[in-house]
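For reference, the structure is listed below as structure tokens.
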Amino acid sequence: MAALTQKKTCSQMMEEWKEFMWNPRTREFMGRTGSSWALILLFYVVFYAFLTAVFSLSLWVMLQTIDEYTPKYADRLANPGLMIRPKMDTTEVVYSTNGMNGTWQAYVDNLNSLLKDYNKTVQMERGVNCTPGVYNMQEDTGDVRNNPKKACWFFRDVLGDCSGVSDTTYGYQDGKPCVLIKMNRVINFLPVPIKELSNTSITIKCTAQNNDDLLGSIQYFPSVNNQSLGAIDLMYFPYYGNRAQQNYTQPFVAVKFLNATKGVDHMVECRVNAANINNQDPRDLYQGRVIFTMKIDRL
């Protein structure tokens, strides 16, 4: 009994381990002969090759059902939303005009970075001159793709006082900040203008949710109706997708707040006006509109 329970010495365990790794008598490596290792390796090669083939075939079949230029399902994008620039961590434009540019320089830098692609030299290289007031239709012919599709020019000069050309601080230094509004891109979407407002553009209007008198006067660039509404020309629609229209230029409406009351949190709501865009849905506050906070601290 004592012999059965006797512990193996370290040298015995090392010998057993060496014999397991390579047994010269049976010519086995880790308990298997060379032919056994070859068979098991062949099995796994065939097994994983089969799995790879099945996965590749499934992926290929799925890709045949997908249009690489247009998403198959886009029902949730029927009503595009709006976004603001400068783009910061939150939808807030809060700064001070006390002469120190540390509170507003980040907004200026953000707008400079955004609008550098809207310089005339860049736009003339990437886009073409389109006919204002009409859709920029570039239809395909059957299975023949009309690609790459051309993009219309959008020069930063049309943003007027908010272009960063005449006023390099976009009004932030003087307490008259500019905010750029853009509409989210939806492939093949054709907004229908409201003819009472404009025949050639969809319009954007910004108001205060709390008190319009405190928000003061607003200028829009580009605009219609004597600058009472911002305007996005129909020639920037439709958008055909990044793959088909790689140089597409996103149009903006610049909103300049001329005399907003300082030291007040202004809840600003901007809506896009088009016959086929719903901007009144109480369940989705960002459908056809955008809401942001603006505050200009007192001197």
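Using N, Cα and C of the backbone, Cβ positions are placed for all residues, glycine too.
Since we're looking at a predicted model, the values are computed, not measured.
The local packing around C152 (disulfide bond), expressed as other Cβ atoms within 10 Å of its Cβ over all shown chains, amounts to 20. According to Swiss-Prot, the disulfide bond annotation covers C130-C152 (among others), on the basis of similarity to another entry.
The disulfide bond annotation in Swiss-Prot covers C162-C178 (among others). In sequence order, Y170, G171, C178, L180, F221, A254, V255, K256 constitute the residues six or more apart from C162 (disulfide bond) in its chain with CB-CB distances below 8 Å.
Residues or ranges marked as disulfide bond in Swiss-Prot: C206-C270 (among others). Classification of C206 (disulfide bond) by DSSP places it within a strand. In the shown protein chains, 22 other C-beta atoms lie within 10 A of the C-beta of C206 (disulfide bond).
The annotation N-linked glycosylation site is assigned in Swiss-Prot to N101 (among others) on the grounds of sequence analysis.
The annotation N-linked glycosylation site is assigned in Swiss-Prot to N119 (among others). Taking Cβ-Cβ distances under 8 Å and a sequence separation of 6 or more, the neighbours of N119 (N-linked glycosylation site) in its chain are F155, R156.
Look at N199 (N-linked glycosylation site): DSSP puts it in coil. Cβ neighbour count for N199 (N-linked glycosylation site): 11 (other Cβ atoms within 10 Å of its Cβ, all protein chains included). Sequence annotations record features per position, and here Swiss-Prot assigns N-linked glycosylation site to N199 (among others).
Here Swiss-Prot flags N226 (among others) as N-linked glycosylation site, drawing on sequence analysis. Around the Cβ of N226 (N-linked glycosylation site), 6 further Cβ atoms fall within 10 Å across all displayed protein chains.
Here Swiss-Prot flags N247 (among others) as N-linked glycosylation site. According to DSSP, N247 (N-linked glycosylation site) sits in a coil region rather than a helix or strand. All chains included, 17 other C-beta atoms sit within 10 angstroms of the C-beta of N247 (N-linked glycosylation site).
What Swiss-Prot records for N259 (among others) is N-linked glycosylation site, and it gives sequence analysis as the kind of evidence. When other Cβ atoms within 10 Å of the Cβ of N259 (N-linked glycosylation site) are tallied across all protein chains shown, the result is 12. In the three-state DSSP reading, N259 (N-linked glycosylation site) counts as coil.
Among the features that Swiss-Prot reports, topological domain 'Cytoplasmic' is placed at 1-36.
Annotation source Swiss-Prot lists topological domain 'Extracellular' at 58-299, citing sequence analysis.
Here Swiss-Prot flags 37-57 as transmembrane segment, drawing on sequence analysis. Listed by sequence, the residues of this chain that lie at least six past the ends of the transmembrane segment (37-57) yet keep a Cβ under 8 A from its Cβ atoms are 29.
Considering only the disulfide-bonded residues C130, C178, C270, the Cβ with the fewest other Cβ atoms within 10 Å is that of C130. Cα-Cα distances to C270 (disulfide bond) place none of the recorded positions C130, C152, N247, N259 within 10 Å. Note: the CA-CA distance between N247 (N-linked glycosylation site) and C152 (disulfide bond) rounds to 9 Å. C162 (disulfide bond) falls within a helix when secondary structure is assigned with DSSP. Taking only the Cα positions, the spacing between N259 (N-linked glycosylation site) and N226 (N-linked glycosylation site) is 18 angstrom. Closest to N199 (N-linked glycosylation site) in space, going by CA atoms and restricting to the recorded positions C130, C152, C206, N226, is N226.
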